Amino acid sequence: MEAYHKPDQQKLQALKDTANRLRISSIQATTAAGSGHPTSCCSAAEIMAVLFFHTMRYKALDPRNPHNDRFVLSKGHAAPILYAVWAEAGFLPESELLNLRKINSDLDGHPVPKQAFTDVATGSLGQGLGAACGMAYTGKYFDKASYRVYCMLGDGELSEGSVWEAMAFASIYKLDNLVAILDINRLGQSDPAPLQHQMDIYQKRCEAFGWNAVIVDGHSVEELCKAFGQVKNQPTAIIAKTFKGRGITGIEDKESWHGKPLPKNMADQIIQEISGQIQSKKKILATPPEEDAPSVDITNIRMPTPPNYKVGDKIATRKAYGQALAKLGHASNRIIALDGDTKNSTFSELFKKEHPDRFIECYIAEQNMVSIAVGCATRDRTVPFCSTFAAFFTRAFDQIRMAAISESNINLCGSHCGVSIGEDGPSQMALEDLAMFRSIPMSTVFYPSDGVATEKAVELAANTKGICFIRTSRPENAIIYKQHEDFQIGQAKVVLKNKDDQVTVIGAGVTLHEALAAADLLKREKINIRVLDPFTIKPLDKKLILDSARATKGRILTVEDHYYEGGIGEAVASAVVGEPGVTVTRLAVSQVPRSGKPAELLKMFGIDRDAIAQAVRGLVTRA
């Protein structure tokens, strides 16, 4: 970035005029919509004008060009001013702004990626900076390109802990290509923000987190130009003192106007007042970027060799995940791994050992880790794999939910699922994760049961759009598949089959192996069962499940190391509901567990081989 040169008076006036046009557009759009946040837009007008028409480098007619500077509107409720910017730049027709929030318009109430200029969906506050950190990390360390990343936050969202997780991350990794703009307009939604206009405290907090922090008058285009022109070898926070509703007579800096459009008669009067301050209608052209981002292809990434496991060998699927990811890393230098300080448990350390420059340690900040991954994945620059204990992904549920709204392609591996982890106890046991990930739109939920299946899951996830979750286990279990076994999403496997099977038993991970052990017990009693491995819990192989059920007198037994709610049993029951003559019996963890040996806990909660065998006997004798 070049050293700061003060713009001449003509440019400064043009920026003031641009800011006022953005104000007018925001007021017009929200009044036409009958809803929206004009006051939140008006506090940011000068910031947005200086950013997009003085500081940033981008191609106005190609918003997703990989060379462009990036912008994240973390305070997503100010979407109308973002849309106004892209109309001012010439990408959107100005008439489209009046379709804000209409069902047939792409201009939603908050930014979403169906808009070409939006990389990540925002509106659930506190998440934009984490995504911006992921973009900046990618720009600095993977692309090694000159594009910069800007993120505007509101003061209300600075109460979110995830913001400070991101602040810490940016400092640790010296993201000097990242600028956060804090729009300190004093007022939150229902009350003033906790610090109101105590700018020095904001500055001290940012500096304490390792940022270069600059206080500016957020309505002075000259001060903003100077602040954006400062170059430091650390991330920069521009702390802008602004006023909510700036330029709206009678409403500026007044409470109780959050999220309220102006009535038409008031809007017309205010627009007339603001228009009177505009000296020229001439628009400022966007400055094009330096074109130094490498071309990237993340399609069709395949394992270099087949799985190197032999049937009967034992390995935990969590370790097989680490080995698979390290292996896939050799197929593409755009495979990256992130972990939350659990890499020696999730085995992502194996990836770090072989590809140290593509491993991102996110420390114990799971919410931020997911946001970082979302940022890294934008514009198809990388294929991220995040790992931690599956239980700890639950604290990032909102980030995962927003990742789906962002149409992000990220892969999450949750280890240590279920009571089978043993002595560590319930705080470490994932028993809700399947329910959580199944509820995410367009998600794919893998639950591999051996090393071969795990390796295939990793490869498939890398090439699958949307949120992919891979559930791995702590216990070592036998390899049951040959190395060339073909796996596909939504395709279950019949692991054990006889002509006279009495019950179809569906298990995954540890419980699949317990089902196979139960089959041996039952065989001595001349009771045969069919054992299915679903491989993906979402989508589920409904056809194979129904075919198997019909071949076993309509009896299905599911067994899972998960709570009853939202897991395999409910997925299977939903798939076969309404099918005549088909019944589903479920075995799952029924209450909060405790510490103990894995075998003791499986037995205590009725999901071990003996419980499966007993349930099968009950189904057979009931006929």
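Note that Cβ sites are derived from N, Cα and C of the backbone, with glycine treated the same way.
Keep in mind the model is a prediction, meaning the values are calculated, not measured.
Quick look at what Swiss-Prot lists:
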MOD_RES   M1  N-acetylmethionine
MOD_RES   K6  N6-acetyllysine
MOD_RES   K11  N6-acetyllysine
BINDING   S40, H77, G123, S124, L125, G156, N185, K244, H258, F392, Q428  thiamine diphosphate binding site
MOD_RES   K144  N6-acetyllysine
BINDING   D155, N185, L187  Mg(2+) binding site
MOD_RES   K204  N6-acetyllysine
MOD_RES   K232  N6-acetyllysine
MOD_RES   K241  N6-acetyllysine
MOD_RES   K260  N6-acetyllysine
MOD_RES   S295  phosphoserine
MOD_RES   S345  phosphoserine
CROSSLNK  K352  SUMO2 cross-link
ACT_SITE  E366  active site, proton donor
MOD_RES   K538  N6-acetyllysine
MOD_RES   K603  N6-acetyllysine
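Look at S345 (phosphoserine): DSSP puts it in a helix. Ranking the modified residues K11, K144, K260, S345 by the distance of their Cα atoms from the Cα of G123 (thiamine diphosphate binding site) places K260 first. With respect to K144 (N6-acetyllysine), the closest of these recorded positions in Cα terms is E366, chosen from S40, D155, H258, E366, Q428. Cα distances from K352 (SUMO2 cross-link) to the binding-site residues S40, L125, D155, N185, Q428 are smallest for Q428. For the recorded positions N185, K204, H258, S345, Q428, K538, a Cα to Cα distance of within 10 angstroms from K241 (N6-acetyllysine) holds for N185. K232 (N6-acetyllysine) has D155 as its nearest neighbour among the recorded positions D155, N185, L187, H258, E366, going by CA to CA distance.
Comparing CA positions across the recorded positions K6, S295, E366, K538, the one lying closest to L125 (thiamine diphosphate binding site) turns out to be E366. With K11 (N6-acetyllysine) as the anchor, the candidate binding-site residues are D155, N185, L187, H258, Q428, and the one with the nearest CA is N185. For the recorded site, Q428 (thiamine diphosphate binding site), the DSSP three-state label reads helix. Listed in sequence order, the recorded positions from K6, L187, S345, E366 having a Cα within 10 Å of the Cα of S40 (thiamine diphosphate binding site) are L187.
Cβ-based crowding with a 10 Å cutoff singles out K352 as the top-ranked of the recorded positions K6, K204, H258, K260, K352. The modified residues considered are K11, K144, K538, K603; of these, K144 has the fewest other C-beta atoms within 10 angstroms of its C-beta. Ranked by CA distance from S345 (phosphoserine), the recorded positions D155, N185, K204, K603 have K603 at the top as the closest.
You'll find the Cα of K538 (N6-acetyllysine) roughly 23 Å from the Cα of the residue listed as 'active site, proton donor'. With respect to Cβ neighbours within 10 Å, the binding-site residues S40, N185, Q428 differ, and Q428 shows the lowest count.
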